[in-house]
Structure formats: structure tokens, C-alpha cells
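Listed features, source TrEMBL:
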- A:Glu35, A:Glu64, A:His67, A:Glu135, A:His168: Mn(2+) binding site (BINDING)
- A:Asp59: Ca(2+) binding site (BINDING)
Amino acid sequence: MWVYEKKLQYPVKVGKCDIRMARYLSEQYGGADGELSAALRYLNQRYSIPDKVIGLLTDIGTEEFAHLEMIATMIYKLTKDASVEQLEAAGLGPNYAVRDHAMFYENAGGVPWTATYIQAKGDPLADLYEDIAAEEKARATYQWLIDMTDDVDIQDSLKFLREREIIHSLRFREAVEIIKADREQKKVY
Amino acid sequence: MYDNQWREWRPYASPDDPCPPVPVKRYIVPPNQYIYFQPSNLPQFSLDEALCKGTLWPALYSPYTSRCNRKGG
């Protein structure tokens, strides 16, 4: 089970009415390398991974939901007061046609999230290397998003999220080392 | 201090390129790539600073500056 804390992992402030950015941020909301994919990928893989690294997948998977919430907050703040004309000008006309101001799990191009974005191979190395790749891709996506806005407040939150991807990548690589080292330990039967 | 995280390479530029070529391309290599397994007792940021930066350890910190050129704010 989870315990919910009614606050964000890191403060989200949006300093500028740049609705265009809401659409690009969707890449981290419902994109292939976004936070939803990350959370669901890790929290599913953990059942079939050696028990020494289950806790890591649980912790990181949980943190990804906290990141998802931060991204959702940014998108919400950017779009909640936008007029239909403003949404259309920002490329969000199709979203309004479907669901008014509601958000959805789509990537920056409007392609809906799909479970085919994530894998579970059942092989610990294959799964962990997928996770490492996912963290590097998410880090790169954050870089491009930081490049696309001059809003220093959004940049600040995105820089925090980018740094977390770097930490997660190292933790998954450490998990690979733990998996590899298992044989060297003395087994007592 | 953290400039050493950036790498540069020079793609081929043709005299017939339709747009002005970008002579140097850059990419960042965060410091986690050089840590095999994090050692114990690394120096730490203060807690406030760590919460702001997203990591407790300066050895794992990778700053990133926006390449956004647009003016205003």
C-alpha cells in the first residue's frame, strides 16, 4: 500500500502564461519515456526480479508517481485559465475538442499512452538495462524541455526532475552490479 | 566548475548546406556515468541545498542550462 502526502516532491511554480509549453510537457506525462511509463514499468517488473533489488524498484517507481504529479501540476497551471482561442493557438485545439480543459496521458504529438511503451522481460539484466535506458531518455527529454522554455520557474522544477533521473540511472546500474555479484557469495545449504 | 561534463564534436559541413551550419555540436555526460558503485561517505550538500538540487552528493550533481535563446520572460 501507499501513504499519500498532500504536497509535491518539489515546488512547482509557473512564472509565465506560455500555454504552448503545456503541450510539450505532455511528453513527460504520457510519452514513451515519461513518468507514467516509468512508474508502471518499475512497479510491475519488481515482482519477478531478485529480492535484493525489489525495494529499489518500489522506491523509484513510487518516486516516478511523485514526478508525474509535478508534471500534471505544471500542465494544469498552464492550461486551466486558457481560452479556447489560446488553446488553439498553442496547438491544443484537438485536446479541447475531445475533453475541454481535462488532461490526458498523451505525448507531445497527441499520441495516447500505450502499454507497449513498457516491457517486462522477466530476465533481471534485460529489465534493469531497459530501466537504465529509460532514465537516460527521460533525462534527455528534460534537457530538451528546459531548452524550449525561458520560464526560469519551470526550468527550475525541470532541472530538479532531470537530476533525479541521473540518480535513478546510477541506482539501476548499482542494481546490475548486485545481480552480477550474487554468485560470488557463499551459499550455505 | 561543471563545464567538464560537456563534450563536443564537429559534424561535417558541406559547402552546399542549405542553412548556416552549426560547426560544433555538444552533449552532456553526467557524472553518474563514471561511478561504478557509489562509495560510502561521499561529501554531501547541506540539506536545503540538496533538496533544491535534487541530490545529496556534489559528486552526482549535473547542472543544465537552458539553450533557449528567446528574449523576455
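Every residue, even glycine, has its Cβ placed from backbone N, Cα and C.
Feature annotations (TrEMBL) mapped to structure.
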residue  : record              : Cβ contacts under 8 Å, 6 or more apart
A:Glu35  : Mn(2+) binding site : A:Gln28, A:Tyr29, A:Glu64, A:Phe65, A:His67, A:Leu68, A:Ile71, A:Ala138
A:Asp59  : Ca(2+) binding site : none
A:Glu135 : Mn(2+) binding site : A:Ala38, A:Glu165, A:Ile166, A:His168, A:Ser169, A:Phe172
Other CB atoms within 10 A, centred on A:His168 (Mn(2+) binding site): 26
Other CB atoms, at most 10 A from the CB of A:His67 (Mn(2+) binding site): 26
Shell of the Mn(2+) site beyond A:Glu35, A:Glu64, A:His67, A:Glu135, A:His168, same chain only (C-beta within 8 angstroms of their C-beta centre): A:Ala38, A:Ala39, A:Ile60, A:Glu63, A:Ala134, A:Ala138, A:Leu161, A:Arg164, A:Glu165
Neighbouring C-beta atoms (10 Å sphere around the C-beta of A:Glu64 (Mn(2+) binding site)): 26
